[in-house]
Amino acid sequence: MKTQKSARLLLIIYLLVLIWILLFKVTISLGDLIHSLNRSRSINLIPFQASTIINGKIGLLEITYNFLIFVPFGGLLGIVNKEKSFLTKVLWIAGFSLGIEILQFILGVGASDVTDLLTNTTGGVAGLLIYQLLRQLFSETKLDRFLVLLGGVLFTVCIGFVVFLLIYNL
């Protein structure tokens, strides 16, 4: 049960950091956020077009980042919501990603893009599938403990790195 509580806490913290990264682009300044409200807004409804085209080629780096940043969401959701169906978890992931895209449009931060919605959701689904595969290979209790511990360590390292960058303005 302690692992479940830790996983829930890690999921909440992860989602808050994800919102900070995706919506606020890692800014801390309230002035930057207020200034962004006056920016023009755009929506791309054609997958893998416009915002993902760089110098005439599809920019795989941003697509890869969007995919990878959502993999932990799927894994943590698998640990926290075992009683929910796979489809319900996928809908949570897609709904969260859609919410981010809508908020980006409303706040005028970034561009709302269906490619982001697709790659974010696919990353989350990959996290769910990886978790389900690992559950077939290892004891669920030990797996959950290991993944929560690993997630906590990785999160702490990442936060430490971000704090270092903010302190030294790199």
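Glycine is treated like the rest: Cβ placed from N, Cα and C.
What TrEMBL records for this protein:
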{"type": "DOMAIN", "residues": "12-134", "note": "domain 'VanZ-like'"}
{"type": "TRANSMEM", "residues": "7-28", "note": "transmembrane segment"}
{"type": "TRANSMEM", "residues": "63-80", "note": "transmembrane segment"}
{"type": "TRANSMEM", "residues": "92-111", "note": "transmembrane segment"}
{"type": "TRANSMEM", "residues": "117-134", "note": "transmembrane segment"}
{"type": "TRANSMEM", "residues": "146-168", "note": "transmembrane segment"}
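Between the transmembrane segment (146-168) and the listed ranges 7-28, 63-80, 92-111, 117-134, the one holding the most Cβ pairs under 8 Å is 7-28. Residues of the same chain lying 6 or more positions beyond the ends of the transmembrane segment (7-28) and with a Cβ under 8 Å from any Cβ of it are 69, 72-73, 76-77, 79-80, 96, 100, 103-104, 107, 109-110, 144, 147-148, 151-152, 155, 159, 162, 166. This prediction places the mean pLDDT of the domain 'VanZ-like' (12-134) at 83.
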